[in-house]
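A.B. asks: There's a structure below that I have some questions on.
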Amino acid sequence: MVTIVDTLSNTPLRPRHPEKANRPDSISPAKPSWIRVKAPTTRGYADTRNIVRENGLVTVCEEAGCPNIGECWDKKHATFMIMGDTCTRACAFCNVKTGLPAALDAGEPEHVAEATFKLGLAHVVVTSVDRDDLADGGAAHIAATIRAIRATCPTTTIEVLTPDFLRKDGALEQVVAAKPDVFNHNLETVPSRYLSVRPGARYFHSIRLLQRVKEIDPTIFTKSGIMVGLGEQRHEVLQVMDDLRSAEVDFLTIGQYLQPTKKHHAVMAYVTPEEFSNYETVAYTKGFLMVSASPLTRSSHHAGEDFAKLKAARDALAR
């Protein structure tokens with residue numbers, strides 16, 4: 001379980017989630033056997049961690065407490081989280097720090113590009129915190145990062161996982177103009193759970209955001225994901241699939257929600273591997289080019305391999 005308070009040399013710092021500090025604990029059921037993963041101990045993991053530290057970068061792998069960090073970092077795969085480590089939203093599921101972020105680091109795009117080169121990444125995933133404090137939500141910074149990676153690693157394919165740019169006119173267009181290979185924006189949960197899980201966002205705004213990407217540039221792959229185990233019903237998950245297909249989204253990910261701390265939203269259910277397999281089958285019948293659904297599926301897990309499959313699926317349709 002990840003601590004709610006950041007520490008440095010045993011000295012307590014500010015609460016990681018001050019808005020949650022006084023909430024009563026939410027108790028989740030014990031994790032089933034299919035959820036458990038091994039602690040990261042490999043040389044590849046250590047090498048990736050060193051490259052991240054040397055370039056002064058933040059990864060969502062660490063900040064969000066991803067269960068797949070050992071596997072991904074062993075393969076020198078990492079998802080870079082730009083625009084700082086502090087988010088202006090306070091979603092009930094997320095372990096990223098909340099509060100007032102620091103100013104943007106103008107050198108960050110080049111640092112990310114350099115780390116991408118050092119890791120030898122064929123496919124890189126770049127995500128970010130929400131930056132509601134910025135006029136464009138950080139869109140120009142995301143676009144600059146895409147361009148920096150292109151300049152340094154011209155053969156590397158680029159996937160961005162973006163905020164919703166709520167009430168940020170023109171922001172989405174800046175990111176799309178930089179031409180990422182994959183534009184990912186997660187819905188996170190079904191509409192009925194938004195007020196308790198993702199109160200700062202709007203479900204249909206997120207659907208429209210994904211739809212707009214395809215309208216601006218149909219060649220960009222679009223991707224979205226949800227977590228299950230937050231109290232949703234099966235029919236609601238199927239409706240999300242239909243909504244995403246109506247926006248021409250290509251790739252769907254579905255994973256199990258895991259509670260970061262007892263101050264976060266409780267796990268309401270652990271969805272079985274068989275249920276995930278069924279969701280995957282149904283999603284393919286609805287027309288998604290690529291579907292990843294399993295207890296440990298996360299947005300950037302196996303992103304490189306999945307991009308190759310996604311491209312092959314579209315090429316097959318074109319023939």
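Backbone N, Cα and C define each Cβ position, glycine as well.
Pulled these from Swiss-Prot:
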- Cys61, Cys66, Cys72, Ser300: [4Fe-4S] cluster 1 binding site (BINDING)
- Cys87, Cys91, Cys94: [4Fe-4S] cluster 2 binding site (BINDING)
- 1-12: compositional bias 'Polar residues' (COMPBIAS)
- 73-289: domain 'Radical SAM core' (DOMAIN)
- 1-32: region 'Disordered' (REGION)
A.B. asks: Would you please pick out, from the binding-site residues Cys87, Cys91, Cys94, the one with the fewest other Cβ atoms within 10 Å of its Cβ?
C.D. replies: Cys91
A.B. asks: With the [4Fe-4S] cluster 2 site defined by Cys87, Cys91, Cys94, which remaining residues of that chain have Cβ atoms positioned within 8 Å of the Cβ centroid?
C.D. replies: Arg89, Ala90, Phe93, Asn95, Val96, Thr98, Val129, Asp130
A.B. asks: Measure from the CA atom of Cys94 ([4Fe-4S] cluster 2 binding site) to the CA atom of Ser300 ([4Fe-4S] cluster 1 binding site) and give the result in Å, rounded to a whole number.
C.D. replies: 16
A.B. asks: Determine the Cβ neighbour count for Ser300 ([4Fe-4S] cluster 1 binding site): the number of other Cβ atoms within 10 Å of its Cβ.
C.D. replies: 27
